[in-house]
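Have a look at the structure below, then the notes.
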Amino acid sequence: MANQRKFFVGGNWKMNGDKAAIDGIISFMKGPLNADTEVVVGCPQCYLMYTREHMPANIGVAAQNCYKTAKGAFTGEISPAMIKDCGCEWVILGHSERRNVFGEPDQLISEKVGHALEAGLKVIPCIGEKLEERESNRTEEVVFAQMKALVPNISDWSRVVIAYEPVWAIGTGKTATPEQAQDVHAKLRQWLRDNVSPQVAESTRIIYGGSVSAGNCKELAKTGDIDGFLVGGASLKPDFVTIINARA
C-alpha cells in the first residue's frame, strides 16, 4: 500500500536563515533529488517570496503558520491569501512549538487548518505527544484527540499531509526507533480508517518528524506506514538531500 502514496519530505527552517543562508540552501537543493519524492520547505514569513522566486520550481514552499481568517485586526498574523499571493501553496500548522511555546489549543489549530484548505492551500497539520505523555502510556490518547479535533475542519484530505512529531524527539537528538514510529503511524492510519474512511486512510500521507537525520532516515523510510519526514535542523544543511533521497 505504501508505494501508492508519494514519499514526502518537508523541511522546517523554523526561525533560522537570512537571504545569504537561503542562497546556500538553494545551491545544494539543486543537487540530484529523487523525482519520486515530493519536497517542500517551510521558511520564515518574511522570506516566503524570496524563497519561492529562487528555489527550484519542483520544490514547494510553505509558510510555518497562518491565521484562521482572511484579513482583519490581527497584528502579527498572516492569512492563507497572503501566502498564496507570495506564490506559495503550503502551510505548516499546529507544530509542537506553536502548541507548547505559544499555547495554541487543538480547536484553534483545527480552525486554521479549515480556513487554509478553504483558501486553497495544502496543509501539513502536526500532532504528537510530550515525553511525560509517552511515559504514562498516553500516546494514543493524545494523538487521537488531536486528530479528532482536526477532522471536522478538513474538507479535502487530498491536500493534507499529517506530520507525527513526538515532542520529546524534536531538537533533542532523541529519535523514535523505526519500530516506535511505525507503531504510531499504523495506529493513526487505523484511526483514520475507523473514523474517516478506508480510502482516506490508504491515501493520506503520514510523515514522521523528530531529529530525522542522514543517519537514521533510510531505516525509518523502510517502514510500511511512514510516508516521509518533516525535518527541522537538518533541512538547513546539505544532509537534507540525503534525507530527501532516503527512498532512492
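A Cβ is built for glycine as well, from the same backbone N, Cα and C atoms used for every other residue.
Remember, predicted model here, so these are calculated numbers, not experimental data.
Under DSSP, His95 (active site, electrophile) is assigned to coil, being neither helix nor strand in the three-state scheme. Counting only same-chain residues six or more apart in sequence, the Cβ atoms lying under 8 angstroms from the Cβ of His95 (active site, electrophile) belong to Asn12, Gln64, Asn65, Cys126, Glu165. Positions annotated as active site, electrophile by Swiss-Prot, on the basis of sequence analysis: His95.
If you look up Swiss-Prot, you'll see Glu165 marked as active site, proton acceptor. Cβ-based neighbour count (10 Å, all protein chains) for Glu165 (active site, proton acceptor) stands at 26.
The substrate binding site annotation in Swiss-Prot covers Asn12, Lys14, and the record cites sequence analysis as its basis. Asn12 (substrate binding site) falls within a strand segment according to DSSP.
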For Asn12 (substrate binding site), the number of other Cβ atoms found within 10 Å of its own Cβ: 26
Neighbouring C-beta atoms (10 Å sphere around the C-beta of Lys14 (substrate binding site)): 18
